[in-house]
Amino acid sequence: MAGELSIATELPTSPLAMEYVNDFDLMKFDVKKEPLGGRPDRAIRPCNRLQPTGSVSSTPISTPCSSVPSSPSFSPTEQKTHMDELYWMTNSYQQVNPEALNLTPEDAVEALIGPHQMPPQMQGYDSFRGHHHHHHNNHHHQNHHQYQGLPHEEMGLPHQHPHHHHHHHHHQPSPSPSGSSSSSQQLQNSHQQHQNSSAVEDRFSDDQLVSMSVRELNRHLRGFTKDDVIRLKQKRRTLKNRGYAQSCRFKRVQQKHHLENEKTQLIQQVEQLKLEVSRLARERDAYKIKCEKLANTTFREAGSTSDNPSSPEFFM
């Protein structure tokens, strides 16, 4: 706490300096250089009361006091050069909002030193100032045009970046006409290729592709593109494979029907042979019975003739 109080005593306490930073435009008003002598009548005030009541400043209140360098113009004991004043003004410029004040540290240095006291080493820096001031004014004009409908409290630096990103989020670039034209050209080319391939396929029928030899097909395909030739030969190969599969299937079905018919015929022949065998067996049995009857009749006749003799030798 003691260190912070000691740092706060070294800060500029003049209300004119704070109003010079916050309210006035250095391009319109001449700034009177204060003498280097001490100012005992100026009361030292704390760092948190440096901002006037009626002034509007974009500097955050939470800025630490140690980040603000002391003013060389208010030092009662030490003589500062113009380069030290330049360093103090550039550091003070970093603590305020440059967008709200619309000034650069080079403007403050030029107003403080004057055109007749410009050292030689500042001439190169002054040439760089013109380009930087032009770029700074263009950037401020763009931000003012973008946020001209917002209140003054919402134009601070912390609030500009979210609106800026939100603006870019909602206004994304639309596809270029060259991309749409290239896509339409690709669709047209693909449609034309499809028509050409259809014309090539319609030129030959399926029967012609199957019956045509490879040499004859190559002779007819001269002048066509490689993709069309490959597609047509693939179609011919597919048709031939399909025909071969259908032929094999037909042959298998035909052979199956032939075998079934032959089987039926063989079954019928077996039945006929069975009937013939049964008929022959019946005839055999009949002939056997007839043969037995004839044998019995012959034996009886032979026995009767031997029992009744009729010859004259029988009586002798």
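Cβ coordinates are placed from backbone N, Cα and C, and glycine is handled just like the others.
According to Swiss-Prot, the protein has these features:
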{"type": "REGION", "residues": "40-78", "note": "region 'Disordered'"}
{"type": "COMPBIAS", "residues": "55-77", "note": "compositional bias 'Low complexity'"}
{"type": "REGION", "residues": "116-204", "note": "region 'Disordered'"}
{"type": "COMPBIAS", "residues": "130-144", "note": "compositional bias 'Basic residues'"}
{"type": "COMPBIAS", "residues": "160-172", "note": "compositional bias 'Basic residues'"}
{"type": "COMPBIAS", "residues": "177-198", "note": "compositional bias 'Low complexity'"}
{"type": "REGION", "residues": "231-256", "note": "region 'Basic motif'"}
{"type": "DOMAIN", "residues": "231-294", "note": "domain 'bZIP'"}
{"type": "REGION", "residues": "259-280", "note": "region 'Leucine-zipper'"}
With helix taken as DSSP H, G or I, strand as E or B and everything else coil, how many residues of the domain 'bZIP' (231-294) land in each class?
64 helix, 0 strand, 0 coil
Summarise the model confidence on the region 'Basic motif' (231-256) as a single mean pLDDT, whole number.
91
